[in-house]
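**Q** Please see the structure below; I have some questions.
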């Protein structure tokens, strides 16, 4: 029987990422099995124990070297080819050495089995116990779609990478540190997720699973394994959607879930979450039912459209892509105050007046919650992608009266981009949404007005919410006008502290200088605007800290985040506190 045990060990080491129990990949488990084997050998076999122990030491040493080589190979940056080649060569050599030593180790085990023939009966009894651990049925109804080792990036400030045993099972992505540990749930419902390659980081073979609440960055050992994992996740998502179930029950479970989601961080205390966001959004007209199918009590939202959705429609919206719809949970996610304010100023009634204006005229039937998913998906695509039901473009409203700082002249030819441009300045969110529905380019440039964009005009209008709406719809926060000034410059000149805070959070480049070589910081210093100077210097300090620390400070400093949260709260809920700015003299304005 023990030769069989030896063959099992050999098969165990040369079949990674297959159907072997994860615990047996752990070297600690292998040591336990070896100890169990040695405990029951006959006294005649003890003569060779010294040689066997030496082999075991070699085995332990080369195992550690293999783990170190795996880690070094995973850490090799893609832009340093010599390091990649060196790490690959070391890993190849270490693996070969590891296999030879394992083979020798197993052969010695078999030799001990021959010497222990008199103990065969007892060993058969013990072998049956071990065999129970080795048995694993891939066709069993355990719901496991794929499993294997992956490197996982931690959610702490240091962004460390740890090797964990991952599995896709029961429509969830989970991992274990050790086999005896309870699985940690990374994603509770794969239907709400997307998976994508990650080519913008130094590590190779990385991919990311993104859910409405968290994201998890993982790294495979090779490109082939990465593709296999991505395909497995995509297949699991498709399979989950095909399965029958009670959508309402699933919606309730998803909304009240308390599963462990280690891959993210703790919600920010000063961001609204849970029932607070849900209650505020639900009182808006039409928001008590799903915008697309009428399902009561929706718990999801499209933040760039400003509508509420049931769980089924949210999954369909997610499949459209973020350039059409960005889905977020009303109960699981944290909500920034400016985003929540945006949701409260739009709503299902406003958006359906735009996207369903001609639905009845065209004889299109609006789906119901009980309709097949294919019908609901076809309707949603016709509504938001093909835009079959909205009215044709109409002439723009009269040109809004601008601040003295703006010497704009209204272009003669109408376009959806022009409508978006003036609506942004007039703070008219419905007109802005209508312009986008008609195909307006969110970064449209008005060549008759210093090449300004809708986002710059939203700054001129002084509305934080219109800026947030444009940013949610992919506005470029760094696009400059003819004077070389971006939205951050204009917000600084006008003393709009809330907008400055918003743009910095969205990655605005505060080092950019205009044609007069003035940066936002120099403008704020000249104007003695203490609030904006504080924000700009904090952002600069945080950026310098991140550059100094490299990948270990990707989340930013907590003090920086807390201060920006405070300013966001004041800008959205108590803007009067920020009205302490003395404007530039008229000669200094653009």
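For all residues, glycine too, the Cβ spot is worked out from N, Cα and C.
Where the annotation comes from TrEMBL, it is an automatic prediction and has not been curated.
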**Q** Name the residue range among 214-243, 244-273, 274-303, 304-333 that TrEMBL annotates as region 'Disordered'.
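**A** Checking TrEMBL against the ranges 214-243, 244-273, 274-303, 304-333, the region 'Disordered' one is 244-273.
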**Q** In TrEMBL, which of 364-388, 389-413, 414-438 is tagged region 'Disordered'?
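**A** Checked against TrEMBL: region 'Disordered' maps to 389-413.
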**Q** Mind checking how the repeat 'ANK' (450-482) divides into helix, strand and coil residues in DSSP?
**A** 17 helix, 1 strand, 15 coil
